[in-house]
Every structure is written in C-alpha cells, then in structure tokens.
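K.L.:
Heads up, here are the entries from Swiss-Prot:
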{"type": "DOMAIN", "residues": "13-129", "note": "domain 'Response regulatory'"}
{"type": "MOD_RES", "residues": "ASP64", "note": "4-aspartylphosphate"}
Amino acid sequence: MKAGVAPNGRPYQVLIAENSRFQAKQLAQILESEGYQVIGFAENGKELVKLYDEHRLVDLITLDLNLPVMDGYATFFEIKGKGVLPRIVIVSEENTPAVLKNLIDEGAMDYIPKPIKREKILEKVNAAIKKVPKV
C-alpha cells in the first residue's frame, strides 16, 4: 500500500499553501504519486484559513512561509488558534533558525527547504503523517 493511503484504504487528504502555482503543482504531483489526495490549493494565508475552515478533518497541510496577504507564520498561528492543530509541514525558502524552531516548538511537524526534492518531500511528509498532531 502506498504511504499516502491510510490503513482503512482512504487516501490521506492534503491542503497545499504555496505562492507559486508551479511549485504547488509540482508538490501535488509528488504527493499524488504516493497516493495522497490533494483537496485544495491556497496562494495566500487567508485562502488557506478559509480552506481549513471548510476541511477541518484534513490530514496534513504543507505551508509556505512566504505567502502574500497573510504570511505563513501568521497563518500557522491563526489555524492553531482554531483548536486542534493539524499536521503541518513547512515547505519554504525561509530558513531563519529562530523562526523555524518556534514553529516546530508550537506544533509544526517538520521543515523542508526549497527548492523541493521529491525524496525529501516524501520522507518528511510520510514521517509526519505517522505522527499524532500536537494539541
């Protein structure tokens, strides 16, 4: 069975927040090849919050920190403030150690630097999906 499929046979559902359409499509292709189901794309933080409100049972969110309108950092805390934090993997060019440490300490599952590499995406996302989200 592919890593993107739960033991009950249901694909794990993913939301992608990415300011580059090309990168979002690339990320979706990588995840879908492993059985994940991408259920939505957001090009800015406000769109992601709206999508999250519509899909509260999403299994995982990939979050770029360099989003327009509402950046990924603010978006993370907006979603966290809604209750149970879903699994969130940061996929970003942002690499300030203090920022990343804070997000991990606050419940983000992992960080993947850009440019994205298929092996690294699958390694980190597959590991995150096995973890229980932090409350």
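The backbone N, Cα and C atoms fix where each Cβ goes, glycine too.
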K.L.:
Could you list the residues of the same chain, at least six apart in sequence, whose Cβ is under 8 A from the Cβ of ASP64 (4-aspartylphosphate)?
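P.N.:
Residues satisfying the criterion: ALA17, GLU18, ASN19, SER20, GLN23, GLY72, ILE90, VAL91, SER92.
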K.L.:
For the domain 'Response regulatory' (13-129), what's the model's average pLDDT?
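P.N.:
Mean pLDDT for the domain 'Response regulatory' (13-129): 94.
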